[in-house]
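Visitor: Input: one structure, supplied below.
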Amino acid sequence: MLSVRVAAAVVRALPRRAGLVSRNALGSSFIAARNFHASNTHLQKTGTAEMSSILEERILGADTSVDLEETGRVLSIGDGIARVHGLRNVQAEEMVEFSSGLKGMSLNLEPDNVGVVVFGNDKLIKEGDIVKRTGAIVDVPVGEELLGRVVDALGNAIDGKGPIGSKTRRRVGLKAPGIIPRISVREPMQTGIKAVDSLVPIGRGQRELIIGDRQTGKTSIAIDTIINQKRFNDGSDEKKKLYCIYVAIGQKRSTVAQLVKRLTDADAMKYTIVVSATASDAAPLQYLAPYSGCSMGEYFRDNGKHALIIYDDLSKQAVAYRQMSLLLRRPPGREAYPGDVFYLHSRLLERAAKMNDAFGGGSLTALPVIETQAGDVSAYIPTNVISITDGQIFLETELFYKGIRPAINVGLSVSRVGSAAQTRAMKQVAGTMKLELAQYREVAAFAQFGSDLDAATQQLLSRGVRLTELLKQGQYSPMAIEEQVAVIYAGVRGYLDKLEPSKITKFENAFLSHVVSQHQALLGTIRADGKISEQSDAKLKEIVTNFLAGFEA
């Protein structure tokens, strides 16, 4: 009688959904009951209280836990897409694991199967293979431990320096901050490039698009910006530091290797994370890499620090997403891109933000790169990203081949919010420059048709040519903001109007060397005050005049 009661108690304790419980678990329960029956004689000799306590101990000591895993089987596999049957409770964008050890991500949740994109070579998977849920949405390691490292789209180290030591992980697909935590852009993000910092200034928390044809210097602007942050990151003021994340999407491995070497030579890798999903990587990894890099940048933003992320380039991410979507049988739209390709980029770029003080005051600045075909900015992806971002730096092939580098088209380039973040000193010297350059371009188009030009027009042309020369800058040689102010001051105030255009670059190099070596106090004053006072203006005028007299002589 006792053994029957014990068995009944054990069965009642088991889950009601008997279908989920393995037969082994039930069998072990009945074996335990039989063992109780065998020792019944011994139990009858003891007292009732002692007997019940022994029963409790034995029942509680029995391990009735069952490890349940939801698994499915591969129905078909090809082109990096697996159709899986049986994962009834899988979540969207959940990581799944194949029996070969490969990982994948569930994207299409259909009534009778799940469409899984494979992170790797699908030749290792065959029909009938078991697929199991991991229960985790795709996440990556984040934290300062990643600085100086090169990782793949899943956050695994690929630089041969051992595993990443970070204990913190973060989902790749987090929602962008709402309206309340944000604040308007107000701090400058200095690129060290004269043409950008003076004409299309960028603020911390801004999204500024770099757009242009191939081989026009888009990546160079991004790399110069990273190198320029060394002057701030070498200091001790955490508020001035800017951590950098460079996401390489669909590039050649040799290109990424050269880039890492360039950053290492400039001593910039120590504050930079490189996320690489090269052309030979699977399309899902190229799709995922920008989101992974963004999560790494958000760690700094949400901890009251400042970060810069460069997506190079989002055109290739859109192509990878188009490939996945078409293979998943999603309906194509314009240029065969799926209908949600706008959302693909908007949900990524909206995560760049300047947070208010109640939320730590951190920022994440985004510099997405888009490659155009023959300068066509009216194509689908370029127009999408232009409408999402807070401005664009437009690079032209024609200017590049004329030797104007960086090849920025000042007329088409704009920064919608950056002027609020521009330093006052730069506003004072560069305020009229954009207008003068615009007038120069307009007049230059007509000047080639006739030679009879009035003095004012000739003056406009003369000034425009010299300002264009002044904005030229070598690759990997970013300048401090106070040095830019000194050089642009000489051009805008007309001191270079009588100098031959061919001598402008030579003058600039000599003048900068002179100012840095002889007038460091003035540069320090401009840097500290953030503006040109009357005394600084008079001093600058004196320095430029005296130097020009000696330079021309």
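Note: Cβ is positioned from N, Cα and C throughout, glycine not excepted.
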Visitor: For which of S52, S76, S462 does Swiss-Prot record the feature phosphoserine?
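Guide: Annotation hit in Swiss-Prot: S76.
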Visitor: If you check Swiss-Prot, which of S53, S99, S419 turns up marked as phosphoserine?
Guide: S53
Visitor: Which candidate in K103, K472, K506 appears in Swiss-Prot with the annotation N6-acetyllysine?
Guide: K506
Visitor: Would you mind telling me which one of K241, K503, K539 Swiss-Prot calls N6-acetyllysine?
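Guide: Record annotation (Swiss-Prot, N6-acetyllysine): K539.
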Visitor: To which residue among K161, K218, K402 does Swiss-Prot attach the annotation N6-acetyllysine?
Guide: K161
Visitor: Tell me which residue from S65, S254, S415, S533 Swiss-Prot records as phosphoserine.
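Guide: Going through S65, S254, S415, S533 one by one, Swiss-Prot flags S65 as phosphoserine.
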Visitor: Looking at K261, K316, K354, which one is marked N6-acetyllysine in Swiss-Prot?
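Guide: Record says K261.
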Visitor: Could you measure between K240 (N6-acetyllysine) and T219 (ATP binding site) for me? Cα positions, answer in whole angstrom.
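Guide: Distance (Cα to Cα, whole Å): 24 Å.
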Visitor: Which ones in the same chain are close to K541 (N6-acetyllysine), with CB under 8 Å and 6+ residues apart in sequence?
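Guide: Spatial neighbours, sequence-distant, of K541 (N6-acetyllysine): R493.
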Visitor: So of Q215, T219, which of the binding-site residues has the fewest other Cβ atoms within 10 Å around its own Cβ?
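Guide: So among Q215, T219, the binding-site residues given, the one with the fewest Cβ atoms within 10 Å is Q215.
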Visitor: Output, ordered by sequence, the same-chain residues six or more apart from S413 (site 'Required for activity') with a CB under 8 Å from its CB, or 'none'.
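Guide: Correct list: L199, V200, G391, Q392, I393, F394.
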Visitor: Can you tell which of the modified residues K167, R204, K305 lies nearest to G217 (ATP binding site) in space, using Cα positions?
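Guide: Nearest by Cα distance to G217 (ATP binding site): R204.
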Visitor: Would you count the other C-beta atoms found within 10 angstroms of the C-beta of S220 (ATP binding site) for me?
Guide: 18
Visitor: Are there recorded positions among K132, D312, K427, K498 that sit within 10 Å of T219 (ATP binding site), Cα to Cα? If so, list them; otherwise say none.
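Guide: For T219 (ATP binding site), the recorded positions whose Cα atoms are within 10 Å come to D312.
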Visitor: In this structure, which of the modified residues K230, K240, K498, K539 has the fewest other Cβ atoms within 10 Å of its Cβ?
Guide: K498
